[in-house]
């Protein structure tokens, strides 16, 4: 869906002017500085696909096999496909409204539809969701590289297993080195397109995990050492039905990428490519999700843990098991490291929008850019060190914020229809998404709360 008419040169110039003038995540700002934009001719299709795919495939990939175990193979795979289709529909709503109104950010679009408080609600949701996700990412990196202790049992990290326990491979030092040597250089980049190569590597590392898991599962299947996985859930009462709903937030969170769609769209040389980019990314990620969930559940069966990475901390029952364990864990830790800057990009933009809503774009203010970047990195690092048991808290806040970002806010925008682009089908779909999101997540949060209290009573 193009914007404007005229010659190709005219289109290209107007496209570049839009990138210079309206890349703000909040409201359009007056151009004060144009240096640094002249040599950028627009992001490529492949670069945009890798960046959006990396936004989608984060830590959620490790929780999906447990969801398949809960739902059964057939309903689980169907749910992955359905959520992917709903995600495409919700992003399409955002893109059509944004192109029609020449809007260049999610926050700005929400502000146009629901005013200042709508914009603040969206940006607050993105900040809550992304800061929670990034803390969890750093905790995962610490667990994989330095090890962790839970319920009195110590699980050795890769570095501890290779070299023994030392000060230099302790959690504090390893995460500090990761923050300074990996995260700091990557989050200092001011354009998403600059991360396209690390994003491509991140997607490749996710594929490595899928290939290894599938290979081991197929070998054990031929050897007759894996059990037949259940095709449908086992229901033995009302409580088991409620428990099925706890898989919904996991599936929803696995597809949340809406906060980076506008940033990717703004950097494209041809903005009509955004729809095929979204479809390609969702197809790629859905394929990875289905393969990961199916083969991991086939491999570990009813022993599949909530975080399937923990299953790779034991003997897999094949030759060179420890080597494959280490390859999976190292590749996943590297994958999470490369996803971190993509999620951080949107966090910084939206936090800046909440704190400085009328200031010029953060990329044009080096001092503000540096202060917010350093402050966020420091806060995330300290949280990962001193509050390692935050999973339950972010299971609630993250799931709630993710549902708002991915489904409820896009549906609200299309129902308000500020640029008269909605069809009758859009309106029906919008109402359906809101109802499904509220009902399923209310039941999931209720079920999670009951389970947490039951665990405390047992303990």
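Glycine is no exception: its Cβ is also placed from the backbone N, Cα and C atoms.
What TrEMBL lists as domain 'Amino acid transporter transmembrane' is 43-416. Look at TrEMBL and you will find 1-25 tagged as region 'Disordered'. If you look up TrEMBL, you'll see 74-95, 126-148, 168-189, 201-221, 241-261, 282-300, 330-349, 369-387, 393-415, 427-446 marked as transmembrane segment.
Between the transmembrane segment (201-221) and the transmembrane segment (330-349), three or more CB pairs separated by 6 or more residues in sequence fall under 8 Å, so the two stretches touch. Among residues of the same chain six or more beyond the transmembrane segment (369-387), those with a C-beta under 8 A of the stretch's C-beta atoms are 131, 134-135, 138-139, 142, 171-172, 175-176, 179, 183-184, 187-188, 190, 344, 347-348, 351-352, 355, 362-363.
Long-range Cβ contacts of the transmembrane segment (168-189) within its own chain (Cβ-Cβ under 8 Å, at least 6 residues beyond either end) map to 138, 141-142, 145-147, 157, 159-160, 195, 198, 337-338, 340-341, 344-345, 348, 373, 377, 381, 384-385.
Listed as Cβ neighbours of the transmembrane segment (241-261) (distance under 8 Å, sequence separation of 6 or more from its ends, same chain) are residues 51-52, 55-56, 60-61, 63-64, 66-67, 70-71, 76, 79-80, 83-84, 87, 90-91, 94-95, 106, 126, 129-130, 192, 233, 235, 274, 278, 281-282, 285, 289, 342, 345-346, 350, 395, 398-399, 402-403, 405-407, 410, 437, 440-441, 443-444, 446-448, 450-451.
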